[in-house]
Structures are given as C-alpha cells and as structure tokens.
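Asks: Structure provided below as structure tokens; questions to follow.
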Amino acid sequence: MNSITLGPLSKANGEIQIPGSKSLSNRILLLATLAKGTTKITNLLDSDDIRRMLESLTKLGVSYSLEDNGTTCVLEGLGGPIQADFGDLFLGNAGTAMRPLTAALCLGKGEFLLHGEPRMHERPIGDLVDALQALGVDITYEGEKNYPPLRIKANGLSGGEVSIKGNISSQFLTAILMSAPLAKSDLTIKVDGELVSKPYIDITLHAMKQFGVEVENQNYQAFVVKGQQTYQSPGEIMVEGDASSASYFLAAAAIAGGKIKVHGVGTDSVQGDVKFADVLAQMGAKITYGPSWIEAERNELNGIDMDMNHIPDAAMTIATTALFAKGPTTIRNIYNWRVKETDRLYAMATELKKLGADVIEGKDFITVTPVANLKHAAIDTYNDHRIAMCFSLVAFSDTPVTINDPGCTSKTFPTYFELFNTIAN
C-alpha cells in the first residue's frame, strides 16, 4: 500500500477553486437523463463516484459527451423513464448513484441488477426497498436482506401514499422524491421518525425545481408530488463547488495561520455543508463570506459541544480541527457516520487515538480532547476519501503525519493532495 507523509507545516495561504459537488453532480445527471431536452452541465465533478453514474447511464442507453477534462457534460434527456430492457450496473461505493438509480429504474419496464464494492453491500438500503415495494415495485435482494445487490423488475411506480424512515440516510427520501414526478399518480411521502441531514433534502428539492418540478414540503414530515409530470431541461446548469471539500482548506487556515479563500461556495450555496464555516467561527476562527466564496483566517480556537447532524460530512473535519483547539470538542447526533463509506465514528476515534488524543466514541457522538504534543502516526484511511483528507490537517502541527492509501480521495477529489501542497508552507 502506498502512503504519503505531510508536514510539519507552519502556515496555510492561498486561493482555491474547489471541484463540483458530488451530491449535486449525480442528482443533476439523473434529472437531466429523465428530462426532456438537452442539458449542458458545467463544473461537473470528475471523480470515481460520478464515473460510476456515467458508466451506468451508458449501459442504460443514455447519450452524452464529455468535455473540459470530464467537467462538462452534454446529455440528451429521455423525456421520461429509462427505457432499457436490461442493465447489470456496478456502482462501486457510490451511494449517490446506487440509491437514486434504484428508485429511477423502477419507473420503466426492464430488469436490472445493481451491485457494488464489498462495502456497498454492507451499507443498508432496506428502508428504500420497503418503500418501493409498498409502491408496487418487484424488487428483491440478491444477497443479505436489507443490503445490495438488488434485482429490480420494473413496471412503473404507483402513486398514493408511502412512508419512509428518515433516521438512517436522507438519500432514501431523495431517491423517491426524484422519481415521484414520473409516478403513475400523485404521491405523498411521509417521513417516519426524525429526518437526518435535512440540508441534503433541500439540495434535492432545489435541483428538481431547476428541472421544472415543484414539491410541496410539509415541514419535512411529508412531501406531496404530482404524478405524470415531465422534467424540463434548463438548457445549461452549473454544479456549484463541493462544500464538504471546502472544509479542509478553511480548517487549514483556521488552524495554521495565514489566510485561505475558497471559491465555488458561499452565501448563494444550496448545500448545508457551507454551515461548516459557521462552526469554525463559533470555535473562534475569522470567517468572511461572499456570494460564491468563503475566506478563513486563524484565531485562537476553543472546543465546542454541538449537534452537527446538519453537516454530517463536513463535521468530520471538526474532529481533526479539535486537535488544535483549547479544551474538548463534542460532535453530537452523527449516528449516520456509521453507515457511510466506512464506520466513520469508529475510524475517526481509532485514528485520533493513534495521534495521542483523548477520545470518547459514543453510539452517535465523539468527544476529542487535544494533547500538547501529537505523535507521528500512520493513518489508515479505510478506503474512505474523507478520512484521508481530514487527517491531512495534522500536518499543521509540530509533527508530520503519514496518510496510508492517499489515492482513496479519487472518490470525490482526485486532485486533493496536489491542491493541498499549493496552500501549504
């Protein structure tokens, strides 16, 4: 296994243009597929998860061309459901492709097999399958119940009313929302229990609106969608920068001294993870916002105790930022870390302890208490892009850090370590 060693580094300075949002890229690709008309998508993320979606669309007969090193996609919409008769789709570990495609493929008439990497077959999908079965879909598990691989025999999606659990992943609700306008009749989706990661549902609703479909949102407890609609291509659409990816650079400035301006996200962003900068500000960092940029500057950081369910991915960056704060930091209501690319609560706690930090790992929280001197450690990344990027920040201590398998960042940010080197002094 290859590794890289970073630091020790003293300052972080510069300006960064972050790549397109993973969450938005895969949502927009699917909506453009179902829409009437040709869509030109710019600032598309060029990464493994997006390639898995594009490869699947190719197998399903969707026509598109890529330009600008894969960051511009011109896609011919189908003006309705996917018409393929059969598809054997390998989706890697891309939840943003697996979940929405599972629902969208139910709209047509074919037979489809959806599978992925071993970790994908450990990530639950039962709540989504239960909801689709309640809407009349013939969908079965090829392996263990509640987990992929899945086999779908599609015959359209009936309307009516369906309940879906909201406490594991908002992607299950996103999947049904995006397919609901093409259902045979109006659909009311009721959320059973607390809905995690509400900002990701806002991303979905915003993207649907860009393609001409409005959803009645009843305080995130129910959603009403008219059936037998057709998405309309907006012609050209730009994917905003990935707010989770911005978090590492903003945190670097807050930790290290210097000033970093991140372009691609700001006050105009639809992503909830831009609120990460507010958390940094509460810890003491100097933060300035523009419509499409955020700037961070160092100040003395203090530990915080906070519910971070609204920024689950970016909250991981707070766990390593906590190493540089005064006093303990507790990140709460993050059970869904456990069903991501790896069990992130376990992974973060394990690797932080290697550095010498005092860590408490709860069922749905983590407490990190910093120590005066961090240990040099080799950080295992669990094939999880965000673990690798989070722990790069340790390089701004007095101790170098070794990151094992740094190539795992190809899932969402293949050029991360190149850009990291441009801001590091």
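Cβ atoms here come from the backbone N, Cα and C positions, even for glycine.
Copying in the features that Swiss-Prot gives for the protein in this structure:
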- Lys22, Ser23, Arg27, Ser169, Ser170, Gln171, Ser197, Asp313, Asn336, Lys340: 3-phosphoshikimate binding site (BINDING)
- Lys22, Gly95, Arg123, Gln171, Arg344, Arg386, Lys411: phosphoenolpyruvate binding site (BINDING)
- Asp313: active site, proton acceptor (ACT_SITE)
Asks: At the Cα level, what's the spacing in Å between Gly95 (phosphoenolpyruvate binding site) and Ser197 (3-phosphoshikimate binding site), rounded?
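Replies: If we compare the Cα positions of Gly95 (phosphoenolpyruvate binding site) and Ser197 (3-phosphoshikimate binding site), the gap is 15 Å.
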Asks: Tell me which of the recorded positions Ser170, Ser197, Asp313, Asn336 ends up closest to Lys411 (phosphoenolpyruvate binding site) in space, Cα to Cα.
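Replies: Sorting the recorded positions by distance from Lys411 (phosphoenolpyruvate binding site), the top entry is Asp313.
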Asks: Counting every protein chain present, what is the number of Cβ atoms, excluding its own, within 10 Å of the Cβ of Asn336 (3-phosphoshikimate binding site)?
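Replies: There are 20 such Cβ atoms around Asn336 (3-phosphoshikimate binding site).
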Asks: Given the binding-site residues Arg27, Arg123, which one has the fewest other C-beta atoms within 10 angstroms of its C-beta?
Replies: Arg123
Asks: In sequence order, what residues of the same chain, 6+ apart, have a Cβ less than 8 Å from the Cβ of Ser170 (3-phosphoshikimate binding site)?
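Replies: In sequence order, Leu195, Val196, Ser197, Lys198, Tyr200, Ile201 meet the Cβ cut-off.
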Asks: What binding-site residues in the list Lys22, Arg27, Asn336 lie within 10 angstroms of Arg344 (phosphoenolpyruvate binding site), counting C-alpha atoms?
Replies: Asn336
Asks: Looking only at Cβ atoms, how many others are within 10 Å of the one on Asp313 (active site, proton acceptor)?
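Replies: Taking every protein chain into account, the count is 26.
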Asks: Any idea which of the binding-site residues Arg344, Lys411 has the thinnest Cβ neighbourhood at 10 Å?
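Replies: So among Arg344, Lys411, the binding-site residues given, the one with the fewest Cβ atoms within 10 Å is Lys411.
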Asks: Tell me the coarse DSSP state (helix, strand, coil) of Ser197 (3-phosphoshikimate binding site).
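Replies: Going by the DSSP assignment, Ser197 (3-phosphoshikimate binding site) belongs to neither helix nor strand, so it counts as coil.
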Asks: Largest pairwise Cα distance, Å, within the listed phosphoenolpyruvate binders Lys22, Gly95, Arg123, Gln171, Arg344, Arg386, Lys411?
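Replies: Greatest Cα separation within the listed binding residues comes to 18 Å.
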Asks: Ranking the binding-site residues Lys22, Ser197 by other Cβ atoms within 10 Å, which is at the bottom?
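Replies: Taking Lys22, Ser197 as the binding-site residues, the minimal 10 Å Cβ count falls on Ser197.
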Asks: Would you kindly give the Cα-Cα distance separating Asn336 (3-phosphoshikimate binding site) and Arg123 (phosphoenolpyruvate binding site), rounded to the nearest Å?
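Replies: Counting only the Cα atoms, the answer is 11 Å.
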Asks: For Arg386 (phosphoenolpyruvate binding site), which of the listed binding-site residues (Lys22, Arg27, Asn336) have their CA atom within 10 A of its CA?
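Replies: Hits: none.
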